[in-house]
């Protein structure tokens, strides 16, 4: 088992004829992902990466069973692409694009949440992977080995480092989700924890958080009340000055919101040990799982 | 991107929000000229991209044109938190009866734009929020409906604001139109003044624009002032790097915002201090690494550089080539600690053989080494 994606997940790539879309479609296929169709407006009827390309998402869903869509559309059209996928009835939409105008995301996330039956992940995220079965993202698949730790992260490279460390130590990953570094994103930590709670393959969860916002605090509240499995935390950007945006648009401390102190206190109150380094994440997982 | 007060007020005025008449002066004589034309008491305000102007002596009243010249002369050139004042806004002083606060911010928790209102305006709203949060009314705006006049009127009443209800509500509605229309991430009027004669005016304004949406507003992106930012931040952004100047002496280069933040944390953890945040992004080639080194090494505070790369798509040998080029051209004369994991690690080691560049197997070892090489833990 795993969460969200597995070997049967049939995938549509929006923006498959672009440079990024084409490159990553190929990489995803190599990692075992079942890509069944692509979509680029105006390129319908062509073939790309060995799959048919459609003009609209609706046409693609008419000809194929699509379980998930991954979006490589440039920022000006990215939120619109996510809405197109959602309105075509695709239940899982992964938005990789970075630099999307914030108001576009505010509107798209509000609309998609109101629909109630679509899970949007991202934008500005590396996507997700169930190693050996399905990669719906841009992460290097070779550092992910299949195993028993669920991994959720707001960053890209820290996720890869953590996945590699957990894989090298023999624990491996059940499913890993990079939720994205923007202030307005479709899925937060607390949305994913219940799924890991119910997944028999996942024995522990690692949350790689960072400064800014209050997703870590919300996650801690859920963990305290409901989580049946051990959780290990990590907070990036603990040395960052206030009011400065640290690369990720969401990684900014505003007033007293988003501080590392608040996140550490929330994790402590929920009994979640917090690692200071990525190597320490592995040690804390070892302490929980043996 | 931050706008100056006068630029923010020009935008508000375009959206029909009353602002006191005012013009920009670059010299004391220009300030006198403007005050003469207004023929009234004026307020002279430093236009710098930082808060706390009043406390720093950057805001002064002048009752006569001659006084305006004198006060403007005091403010022009003033250093406010590291920003030199190059221009002042000379505006007609308003006859204040009440001072309120109205602000729109992006709220991550509700994932909406939130309107904040307080009848305690004219002071630092973050202080009000910290000391008496009940003095601030909040309302999350439905992005598909916007802020409707009836909602604005209800909010004005709830906040206990006194004055012409329709005028106050109309300003809030227009403020949201402006926010959406220019793709702001923050738009504040503080104070929102009710004058002795019952008019409502935006006496001060702060607007921050959403950088991601600047492509939709070429007329606003032209307002970007390079001197308002750190010169190295400008140079880095021209290369396409995310760069933030910090206070320490260890230059940092990494790939991925999360990894760079983690690298900063590690340096601090072992007793050092980072001089900057620099993210070269994914898949960087030798020339990108070389350019990153050029930017980082232009900072005179930098005593050594820590390069921390996770090789997913980025190849370690490309990183090494960039470092060697900087060294061969004499740009790089300071110690470098490198930690490059993953793709083409062995090729990188070969390239660096016999060169004074230190490669470490883990981030924490590299952090300890570079902190030791740059003067040790402080």
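Glycine is treated like the rest: Cβ placed from N, Cα and C.
A TrEMBL annotation is a machine prediction, not a hand-curated record.
Since we're looking at a predicted model, the values are computed, not measured.
Record features (TrEMBL):
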- B:45, B:52, B:53, B:54, B:94, B:99: ATP binding site (BINDING)
- B:190, B:204: Mg(2+) binding site (BINDING)
- B:255, B:312, B:313, B:314: substrate binding site (BINDING)
- B:9-218: domain 'ATP-grasp' (DOMAIN)
Reduced DSSP assignment, residue B:99 (ATP binding site): strand
The one of B:45, B:53 whose CB sees the fewest other CB atoms within 10 Å, among these binding-site residues: B:53
Longest CA-CA distance among B:45, B:52, B:53, B:54, B:94, B:99, per record bound to ATP, angstrom: 20
Sparsest-packed among the binding-site residues, when each Cβ's other Cβ atoms within 10 Å are tallied, from B:190, B:255, B:314: B:190
Nonlocal neighbours by CB distance (under 8 Å) for residue B:94 (ATP binding site), same chain, sequence gap 6 or more: B:20, B:193, B:195, B:201, B:203
Proximal to chain A - binding-site residues among B:45, B:53, B:94, B:99, B:255, CB under 8 Å: B:255
Number of Cβ atoms other than its own within 10 Å, given for residue B:52 (ATP binding site): 11
Residue B:190 (Mg(2+) binding site) and residue B:99 (ATP binding site), Cα-Cα, nearest whole angstrom: 8
Intrachain C-beta neighbours of residue B:204 (Mg(2+) binding site), sequence separation six or more, cut-off 8 angstroms: B:5, B:45, B:189, B:190, B:191
Inter-residue C-alpha distance, residue B:52 (ATP binding site) and residue B:255 (substrate binding site) (nearest angstrom): 35
Neighbour count (Cβ, 10 Å) for residue B:99 (ATP binding site): 19
